Amino acid sequence: MEDRNAMDMSRIKYRPQPLRPASMVQPRVLLFPFPALGHVKPFLSLAELLSDAGIDVVFLSTEYNHRRISNTEALASRFPTLHFETIPDGLPPNESRALADGPLYFSMREGTKPRFRQLIQSLNDGRWPITCIITDIMLSSPIEVAEEFGIPVIAFCPCSARYLSIHFFIPKLVEEGQIPYADDDPIGEIQGVPLFEGLLRRNHLPGSWSDKSADISFSHGLINQTLAAGRASALILNTFDELEAPFLTHLSSIFNKIYTIGPLHALSKSRLGDSSSSASALSGFWKEDRACMSWLDCQPPRSVVFVSFGSTMKMKADELREFWYGLVSSGKPFLCVLRSDVVSGGEAAELIEQMAEEEGAGGKLGMVVEWAAQEKVLSHPAVGGFLTHCGWNSTVESIAAGVPMMCWPILGDQPSNATWIDRVWKIGVERNNREWDRLTVEKMVRALMEGQKRVEIQRSMEKLSKLANEKVVRGINLHPTISLKKDTPTTSEHPRHEFENMRGMNYEMLVGNAIKSPTLTKK
């Protein structure tokens, strides 16, 4: 029997046939995001744009998330061709849904496939079948089910083209024995990867490849999911060509067609207006505190530091204290978003109230809210810096708004984004240590908000922001959306794929022999 693990990896190449519209049937597209806010939000924006273009859209979310998305009725009312369906995520109600905790990822990977198959069968038994599925690149089961039903698939990657490219270099790094790594240095440089010379570190790698102590099965599954996306007929990215040209070129050798529609939030606003019923306003999982906008109105231009760590990050009480005192010590006014669940085993509001009493200046300098409309805050003229976890949505939104960043990455694509923000694009500062201390926070704030470095960073940011917004003003990033409409299949006939290589094959088959090799098991 042929040993597939012994394949010549240098000859691997996959080319799906292009999408081929083929009948008079009205297109009906189903969108299925991974159930995390950073994924749901861009998917909703895309759903709006497709609906506005006249395509009937079914937006599929987990039951848990659907309950948390506020006012979906308003979205459905504004976009009559936008419909919502739900699916269980397979977890108990009190189970953590944080991606870093693992259970949600494994449940979505393994548990939702039968339910997704049933949903597609039910929809296709009706008068108006699904003609195309746009799936999150982190979910491979929709691709498998789509192939069973003969439905074309488009993959949507909510992260950067750069971070996606890293996934496709993982088999090479495993084969070379560079990962899993043997020592305890999580920020050691990865050698010999094209496009990343001197810029790729271990903590930039996806999944637990960046964490020696973590369960490596998470990484196997994650890479396997991504490689499966190679079977999709096209790829959608929330980026623009000038921002990531080398990585888009690399991905074009893997995917048959790529749509770059970023900055997606700015495109949506330009096309649909700044409405309270837009995805940007409705996809938050916490109630927005609008009082912060009035507070910003009273601050001098470019004086405020906006602090937000996204929808999933948690910190310890002492880490929150260090952040608070670092912000206060900087002497800069700040608007800080702290979710009620941001502190592990504690209540953020109580801690903040206690610290504000201890440090009287804090109440005068800053404002704390549980949640804010990030796009609106970043666009406010009073905001001069963004202390961020460097998620891709936050990065793109900050670039579009022209706001320099202070990078405090935690996991996933965030460390890689932070390195590019600091060392490549030069539009922010990256923390140079892994400590949570007030001095580091104070130094970062001052570095970004004062002196010559501030001038240089702001100049670089203005150039990049201009490029991003030119796409919106001139409608350049709308062109791929129009092309996407044209290319959206109007029939459920699945284009025949020609498999010339292993793109999309099971990940364990690619590296099975290498995983067992001594280079990967040394202590």
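Along the chain as shown, residues are numbered 1 onward.
Placement of Cβ uses the backbone N, Cα and C atoms for every residue, glycine included.
Keep in mind it's a predicted model, so treat the numbers as computed, not measured.
Annotated active site, proton acceptor per Swiss-Prot: His39, in sequence order, evidence recorded as similarity to another entry. Long-range Cβ neighbours of His39 (active site, proton acceptor) (same chain, at least 6 residues apart, Cβ-Cβ under 8 Å): Pro33, Asp136, Met138, Pro158.
Positions annotated as active site, charge relay by Swiss-Prot, on the basis of similarity to another entry: Asp136. In the three-state DSSP classification, Asp136 (active site, charge relay) falls within a strand. The Cβ of Asp136 (active site, charge relay) has 24 neighbouring Cβ atoms from other residues within 10 Å, across all protein chains displayed.
When secondary structure is read from DSSP and collapsed to three states, Ser394 (UDP-alpha-D-glucose binding site) falls in the helix class. Less than 8 angstroms from the CB of Ser394 (UDP-alpha-D-glucose binding site) sit Ser308, Gly310, Gln374, Phe386, Thr388, each of them six or more residues away in the same chain. For Ser311, Gln374, Trp392, Asn393, Ser394, Glu397, Asp413, Gln414, the entry in Swiss-Prot reads UDP-alpha-D-glucose binding site, with the evidence type similarity to another entry.
Our reading of the UDP-alpha-D-glucose binding annotation (Ser311, Gln374, Trp392, Asn393, Ser394, Glu397, Asp413, Gln414) yields a largest Cα to Cα distance of 19 angstrom.
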